[in-house]
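To keep things clear, I will list the structure first and then write my remarks on it.
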């Protein structure tokens, strides 16, 4: 039955793609489309099928979830439509120089920044894991600037998203299937894009070999007030005609120069003899008359950036937060505080610690999970956690469990010391993209023995699969 269901789903997706290719004239109107799709490049039509398939499904489910997820999805959709406009341009024009290419990529780059900024501005969102999954992977749209391996770049971004989509699945798999479908739809965008790149743009964005050199995107998304503005000013007067006499003089001088060169050794007959009294190293008086020697040109050095005369405005300091919001303890923007304590905890509560610097925090009682995000020099002591303690985007963090914790996750962190209790020796340490990690195990005397977490690995192909082992470094 499961095989039959999978077959039906594959057939439905195939039909959807065929319909997209056949009826793309009704889609994405105003984003580089011509009235007729008969002349559209094949890889543009296939990209349209991606928009009509996984992207449309992702937008549909995001709309059903609503809120921040829907707003985020609309931003992603805009980025994909900008990318489609670039594909249309590439199919019709030749590749421009690098400095001009960066101008063509600027709209996509700005849209990527907007998607990432939205996540940063909504850290208190209940759907923060959804926003993080999108924010961590949206840079996959930059594959158009990646050569010679754009496909692996997209896969890397997709893998980054899975760190957060796994958390969405864990949270909603038994609660709301809609969020599970959302994860499948979103990740399928990037897996389908990888297959698309492999077929049409294996070593980089494929540009036309004919046509004009690309200067601007063909059919950028038009805003609602696109037609209300005044017409652009007329072009300025043409530059004055270049004098032809200078060109003829230059040509004549060049001819004379070649004529002299062609004389060969006889050219030296026109040289004058220089006697000793005309040489500065033989006649000191002549050297004194000529004044100080001019120094040669200085070697090239990169221009130093000009310093602004006006002082830079001070960075706005965010207010410190320590409060219970629903079931979430928020500890944010704490600096140089050494006595923070959370006491009234419950099993269903979670703690989110964000942008705390040189601060120590103690969490008493039993809590569901703890997340440490973007913190520096943080000391965290807690009793019991039934879920996971996660440290991400941080540095020089020390955590100590007094009771029990099943899992400690360390991601994108440089410097982490995890002090385990005797009751938590079976704790799993999961790490990724991190360094300088140490686990400290208690001894009978009350001290701790320090054990570094491996950071270097060796992977070999054994004929059937990849086998990865820790690399021991003798120091």
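Cβ from N, Cα, C; glycine included.
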Inset, instruction - State the residue range annotated as region 'Disordered' by Swiss-Prot; the candidates are 73-113, 114-154, 155-195, 278-318. - result: 278-318
Legend entry - Feature region 'Disordered' in Swiss-Prot, mapped to one of the ranges 216-255, 336-375: 216-255
Inset, instruction - Have a look around residue 81 (N6-acetyllysine) and count the other CB atoms within 10 A of its CB, chains all included. - result: 19
Legend entry - Local confidence of the domain 'C-CAP/cofactor C-like' (313-453) - pLDDT mean: 92
Inset, instruction - Take the domain 'C-CAP/cofactor C-like' (313-453) and count its residues per DSSP category (helix H/G/I, strand E/B, coil), listing them in that order. - result: 3 helix, 86 strand, 52 coil
